[in-house]
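Trainee: Pasting the relevant annotations from Swiss-Prot:
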| type | residues | note |
| --- | --- | --- |
| DOMAIN | 5-204 | domain 'DPCK' |
| BINDING | GLY13, SER14, GLY15, LYS16, SER17, ALA18 | ATP binding site |
Amino acid sequence: MAIPVVGLTGGIGSGKSAAADRFAELGVPVIDTDSIAHQLTGPGGAAMTEIVRVFGPGVVAGDGSLDRAAMRARVFAAPEERKRLEAILHPAIHAESVRRLQAAVGDYAVLVVPLLFESDRYAPLLARALVVDCSEEVQVERVMRRSKLSADAVRAIMAAQLPRSERLRRADDVIDNSGGLAELRLQVDAKHSYYLANLVKAML
């Protein structure tokens, strides 16, 4: 990469998006793989032709985007379908992430990858891995508050992700988001100063 890249991750409800938003406010280029995935599967998205070829027109919404409810039902009924979908999306998301990182202008960039440690695909791109962390109880509470999911449903999603202890073990840097937004922003500001002083200096 032309500039250093910080990989930003964390469990569901940890506050990844709020942290990414603050980095963006500080002028850091932020590339979000979830956003890329939505663009690839939106109306006219680059992945839709292959998705239709593999899964048929039944997974396409009226506007030409991926019908997420229909795809979720397919994946739930037959787990091997998830692998077929991932085989289409993951390489495309990675390629677009690399393209955007190479075009990024700034002292360093942040790459938001919810499942950063579940795959080794992104590791070669990164100078640092930053985990936004909070207790599992706080995760459940936050996700329930912002969605209609039950506590059991949230815990099922968490169980499919890397355990919190393993994320923390693999992190280079950690932001503790057990408090409020103001505290999170202060921690992001501190990390930003650290990255400017260390990552950027290392590139000179």
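Here the Cβ of each residue, glycine as well, is placed from N, Cα and C on the backbone.
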Trainee: Can you count the other CB atoms that lie within 10 A of the CB of SER14 (ATP binding site)?
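Mentor: Excluding its own Cβ, the number within 10 Å is 26.
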Trainee: I'd like the number of other C-beta atoms within 10 A of the C-beta of GLY15 (ATP binding site), please.
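Mentor: The Cβ of GLY15 (ATP binding site) has 25 Cβ neighbours within 10 Å.
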Trainee: Compute the centroid of the Cβ atoms of GLY13, SER14, GLY15, LYS16, SER17, ALA18, then list the same-chain residues not in that set whose Cβ lies within 8 Å of it, in sequence order, for the ATP site.
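Mentor: Going along the sequence, the neighbours appear as GLY10, ALA19, VAL132, ARG142, ASN177.
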Trainee: Across the whole of the domain 'DPCK' (5-204), what does the mean pLDDT come to? Round it, please.
Mentor: 92
Trainee: Taking the Cβ of ALA18 (ATP binding site) as the reference point, list residues of the same chain whose Cβ is under 8 angstroms away and which are at least six residues distant in sequence.
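Mentor: Sequence-distant Cβ neighbours: ASN177, LEU181, LEU184, ARG185.
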Trainee: Go through GLY13, LYS16, SER17, the listed binding-site residues, and name the one with the sparsest Cβ surroundings, counting other Cβ atoms within 10 Å.
Mentor: SER17
